[in-house]
Every structure is written in C-alpha cells, then in structure tokens.
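Trainee: Take a look at the following structure, please.
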C-alpha cells in the first residue's frame with residue numbers, strides 16, 4: 001500500500017515538472033504581450049506557437065498572453081533585470 005502511494009506521488013510530481021508556463025514577453029521592452037479577449041484567444045495561441053514551437057498552447061489570462069507546454073529553457077515574463085517600459 002505504501003509503495004502504491006509513493007509511486008502515485010512521484011508520478012504527480014513528474015507531471016508538474018515537465019511543463020513550463022508563463023507570459024510571453026517582448027525582449028526589447030520587457031513587457032508582456034497584451035490581449036483583451038480573455039480565455040481562448042487566436043492571437044495568443046498564434047504568438048505562443050511562433051515563439052515557442054508547434055507544441056505550445058496559449059490563451060489570454062489577466063490581459064496578457066499566457067503560454068503553456070513550454071520547454072524548460074523558455075524565456076517568459078518577467079525578464080531578469082529588465083522592467084516593462086524601463087521602470
């Protein structure tokens with residue numbers, strides 16, 4: 001019984017590690033890509049796929065394009081040492 005519980009816990013942990021998520025960011029100004037149609041959004045899906053590849057997904061969350069199913073080294077908002085609009 002304990003072995004089954006441990007295996008289940010490990011599988012759940014592995015599932016959370018493999019998929020990175022985050023806001024798509026403009027490298028020049030450090031800002032998130034904005035969107036206004038919350039939820040499923042063709043613009044966000046298209047931009048996430050262009051930046052991160054065919055396997056990425058995307059939708060509008062809190063007026064920013066949120067990308068899913070990213071590779072671990074994917075760069076997402078916030079950029080280190082760079083604030084939006086130079087602030």
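Every residue, even glycine, has its Cβ placed from backbone N, Cα and C.
Per Swiss-Prot, the features are:
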- 1-19: signal peptide (SIGNAL)
- 20-85: domain 'LCN-type CS-alpha/beta' (DOMAIN)
- 31-84: disulfide bond (DISULFID)
- 35-60: disulfide bond (DISULFID)
- 44-65: disulfide bond (DISULFID)
- 48-67: disulfide bond (DISULFID)
- 85: asparagine amide (MOD_RES)
Trainee: Quick check for the class: what is the C-alpha distance, in angstrom and rounded, between residue 48 (disulfide bond) and residue 65 (disulfide bond)?
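Mentor: Spelling it out, the Cα of residue 48 (disulfide bond) and the Cα of residue 65 (disulfide bond) are 8 Å apart.
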Trainee: Which recorded positions from the set 31, 84, 85 come within 10 angstroms of residue 65 (disulfide bond), judged by C-alpha positions?
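Mentor: Of everything listed, nothing lies within 10 Å of residue 65 (disulfide bond) (Cα to Cα).
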Trainee: Quick one: of the disulfide-bonded residues 35, 44, 60, 67, which has its CA closest to the CA of residue 84 (disulfide bond)?
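Mentor: Looking at Cα distances from residue 84 (disulfide bond), the smallest one goes to 35.
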Trainee: Out of 48, 60, 85, which has the highest number of nearby Cβ atoms, where nearby means within 10 Å of its Cβ, if these are the recorded positions?
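Mentor: Output for this query is 48.
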Trainee: Just to be sure I understand the packing, how many Cβ atoms besides its own are within 10 Å of the Cβ of residue 35 (disulfide bond)?
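Mentor: Within a 10 Å radius of the Cβ of residue 35 (disulfide bond) lie 22 other Cβ atoms.
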Trainee: Closest to residue 85 (asparagine amide): which of the disulfide-bonded residues 31, 35, 44, 60, 67, going by Cα position?
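Mentor: Answer for the nearest of the disulfide-bonded residues: 31.
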Trainee: Taking only same-chain residues 6+ apart in sequence, whose CB is under 8 Å from that of residue 31 (disulfide bond), what do you get?
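Mentor: The list for residue 31 (disulfide bond) reads 25, 77, 84, 85, given in order along the sequence.
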